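Engineer: Here it is, the structure, as structure tokens.
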Amino acid sequence: MSDKTNDDKTLSVNPKKTLTLKRPGVEQSTVRQNFSHGRTKAVVVETKKRKFSRPDEKPEVEAAAAPKPAAPAAAPQQAPASAPVSASAAQASAPQPAPVKAPATKAPAAPSAPVTKPHVAQQRPVHQRPGGQQAQRPRPADRSGMVLNTLSRSEMDARRRALEEAQIREVEERARAVEEAKRRAEEDARRAKEREESARRQAEEEARLKAEAEARRKAEEEAAKRMPQPEARSERRDDARPAPYGARPQQAGRPQGGRPQPAGRPQQGSPRPAPIIADAAPIAGKPLPQSQLRKPGQSDDDDDRRSGAARRGVAAKPEVRAPKVVKGEDDRRRGKLTLTSNLEEEGRSRSLSAMRRRQEKFKRSQMQETREKISREVTIPETITLQELAQRMAERSVDIIKYLMKQGQMMKPGDVIDADTAQLIAEEFGHTVKRVAESDVEEGIFDVADNESAMVSRPPVVTIMGHVDHGKTSLLDAIRHANVVSGEAGGITQHIGAYQVVQNGQKITFIDTPGHAAFTAMRARGAQATDIAILVVAADDSVMPQTIESINHAKAAGVPIIVAINKIDKPAADPQKVRTALLQHEVFVESMGGEVLDVEVSAKNKINLDKLLDAVLLQAEMLDLKADPDRTAEGVVIEAQLDRGRGSVATVLIQKGTLHPGDILVAGSEWGRVRALVNDRGEHVKEAGPAMPVEILGLQGTPQAGDRFAVVANEAKAREIAEYRQRLARDKAVARQSGARGSLEQMMNQLQVSGTKEFPLVIKGDVQGSIEAITNALDKLGTDEVRARIVHSGAGGITESDVSLAEASNAAIIGFNVRANKQARDSAEQQGIEIRYYNIIYDLIDDVKAAMSGLLSPERRETFLGNAEILEVFNITKVGKVAGCRVTEGKVERGAGVRLIRDNVVIHEGKLKTLKRFKDEVAEVPSGQECGMAFENYDDIRAGDVIEAFRVEHVSRTL
């Protein structure tokens, strides 16, 4: 070996080894480790020597590299194979430059790790593979003299199974350990979270208590500092006002560069005391005023004492000079604006009134004065918001919310509460409660007691009722001497007419009602608004269904009946038959020992009309009808319609009081001011007394026929009542459309109806009564499968909005005695909406019935054709299986429906694909003949099966 410099890297060539690049100062050696079953492994050990030096010494540069270690392959050649050589490691750690050969004695066979110093071990370079390039791995010596016992196959299998079971157990134990660790970690995390939450709550509570105590202490200090001392404060402000250009005084004893907080310095937010100006030299050539050169009240003796102390050598605190930075007039306003500096400025002082208010507030807080509680009577409706309740109680809504929070309820000012909760809150705040219902707005409007001393006789109200075409309107026309029938379509009365006639100087009010079945509700309203009912029965037609219905309505209303046997001039007239038929319905006329008046009349020839009127007046005299004309008007709406030129027009019958133009009235859910009163002859009148029918102009909307009306004091009351009734009607409509969830029966009905088909319609009519009759008639047409749905109905002409609604809901438009304007017609033609016009209700119902019948699914009707028995099954290419059959009953037609029956069980139903006889396609095969049949999309046929042929027909249904 030769010494080399540190930069010299030598290459050692060995024919048995690969080329290696040695690092200077590093010695390498190889040791061998023994393992079980005679296995060994060679390990390369590197040892680097490091020279330690004191911190004050400079490290010496090594002049020569470390001595070259012995060849790592020499040791294994001299030592036995069973003993690892550790001498090279010892040589590497020895300080001698020359290597020493290991003795040839046998070393103990203990596989030990390389002997290295842990604190001087050198890390491998990143690019160097461990032990791969420094030295060649020596070949293990031949293991001579060692005998391995071979295991049998059963032992090896047993060991393998034991090893596999051990591995499985190890995996399971590891999984259990992981689960246990995970569970323990989750438990620890949960407990730690609970501890943190508890500590956080405790810290928040302590912080809150500390903040409250601190705030209380600050408030007390603030109150003590702000005690009203006007004179002292003004003197202090005058004496302690800082000079604009004076230097800031320094406190004695303050070290240079530091800024400790003085002991008596007030906290932030409290008023800062005025600064005391010490002696300071003039700055920037400006002499300071005398008041700023020394403190107020300071004498020259103080200066002499201070200078004398300095001369006597007394240790005095060093005087700290003010900073040299001087702000100009503009620079003074660039600093940070704080509350303290803001309050100290002279221009921002409080006004005298603000000072007085502050003093009064402070006195009240000191004396703990409480305002006198004012108890109020709070009116509480069924539902009320918190904000409105607070306004009625003259309380703050915040106080109500705080009270509810104490009760465990989190609410906002806009939340709605019920009357019980509102009552509890109001009583808790010391108020008295007056509970009112929402319907109380209607109290005092209807059924007001009459003044008995002011009661006068009034005309009777007579309703003419009877079957269709029995002469009701003709009789009234004969009485009124006016041709009313010619104005009705088809001679049928479509809506109620109210008229007044005079007989022997006395007035009689007549109400004409429709007779056909669709106008049941209108007859019922007419009976309720009447005093006497005239039952018109044709002498040649006797009692009919609507006659019976009219009798029932009159009995239900409790009004007396006068029977008018009409058409006695006809040859087939039989008045006695009519009287006998009325006995079956408990109507006993006077001629047959009863109390019901009966008169035989002829409206066409005007026979016995005066006797009929005398009977009406006699019955009215027996009833002793009276009313108070001086009270507010009250009555019932007979009919309402929307007139193009006059707006909403309502025909009303006044039952009590007198109605004047200008009165404010409420009719159903509509209200308005009476603009005009028109009688039955089209004349404007200035007043309408009891039992007088008139038309009212001026309502905001069209009321429903049968609604009661009453005069109210002002518009606010009328608007409140109308809004309440509109809200009720809206809620009912929503509940009806959405099928509000009620009982189980209602829910089941809703489920059944949900599968029905609907026929949407938009209906516009001339008067409300006709629309109501059409709606009721269409409702009766509905079945479980189809029904008419009225999207919109109203009185008046057809407008563009009706067309838009019909287009959105895919509905048809029906006009009854009304027409569409030009814009509506153009819009309907453009959008493809059908508009149909009718003037007779029967035609309308028939057309709608026919249209609804088209929505019904057709009826499936099946006709049996015959049976055939399969004798043999043939498999034909491109056709499939073909059944060779014999027709045993009836016949089989091509294209007919078939059922495949096997053991009296239908296993397939389909259609015939082919029907052949002797390779010819035939239309049908009669009984007793053989044929070939194939099914569509079905091949599972066997000999012995029976084929049943049938024909299916779809028959359209009608309502």
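Note that Cβ sites are derived from N, Cα and C of the backbone, with glycine treated the same way.
Swiss-Prot lists these features:
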- 466-473, 512-516, 566-569: GTP binding site (BINDING)
- 1-10: compositional bias 'Basic and acidic residues' (COMPBIAS)
- 27-37: compositional bias 'Polar residues' (COMPBIAS)
- 63-118: compositional bias 'Low complexity' (COMPBIAS)
- 128-138: compositional bias 'Low complexity' (COMPBIAS)
- 154-225: compositional bias 'Basic and acidic residues' (COMPBIAS)
- 232-241: compositional bias 'Basic and acidic residues' (COMPBIAS)
- 246-284: compositional bias 'Low complexity' (COMPBIAS)
- 318-333: compositional bias 'Basic and acidic residues' (COMPBIAS)
- 457-626: domain 'tr-type G' (DOMAIN)
- 1-374: region 'Disordered' (REGION)
- 466-473: region 'G1' (REGION)
- 491-495: region 'G2' (REGION)
- 512-515: region 'G3' (REGION)
- 566-569: region 'G4' (REGION)
Engineer: Counting only residues 6 or more past its boundaries, what in the same chain has a CB within less than 8 Å of a CB in the region 'G4' (566-569)?
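Structural biologist: Beyond its ends, the region 'G4' (566-569) has Cβ neighbours at 470-471, 474-475, 536-541, 575, 600-605, 607.
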Engineer: On the DSSP side of things, how many residues of the compositional bias 'Polar residues' (27-37) fall into helix, strand and coil, could you say?
Structural biologist: 2 helix, 8 strand, 1 coil
Engineer: Inside 10 Å of the Cβ of Asp469 (GTP binding site), count up the other Cβ atoms and send me the figure.
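Structural biologist: By my count, 17.
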Engineer: Could you tell me how many residues in the region 'G4' (566-569) are helical, how many are strand and how many are coil under DSSP?
Structural biologist: 0 helix, 1 strand, 3 coil
Engineer: If you draw a 10 Å sphere around the Cβ of Ile568 (GTP binding site), how many other Cβ atoms fall inside it, taking every protein chain shown into account?
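Structural biologist: Neighbour count, Cβ to Cβ under the 10 Å cut-off: 19.
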Engineer: Three states by DSSP: which one describes Lys472 (GTP binding site)?
Structural biologist: helix
Engineer: On the 0 to 100 pLDDT scale, where does the region 'G4' (566-569) sit on average?
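Structural biologist: The average pLDDT of the model in the region 'G4' (566-569) works out to 88.
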Engineer: DSSP helix, strand and coil counts for the compositional bias 'Basic and acidic residues' (154-225)?
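Structural biologist: Helix, strand and coil residues of the compositional bias 'Basic and acidic residues' (154-225) number 72 helix, 0 strand, 0 coil.
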Engineer: For Gly466 (GTP binding site), just count the other CB atoms lying within 10 A of its CB, please.
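Structural biologist: Summing over all protein chains shown, Gly466 (GTP binding site) has 28 other Cβ atoms within 10 Å.
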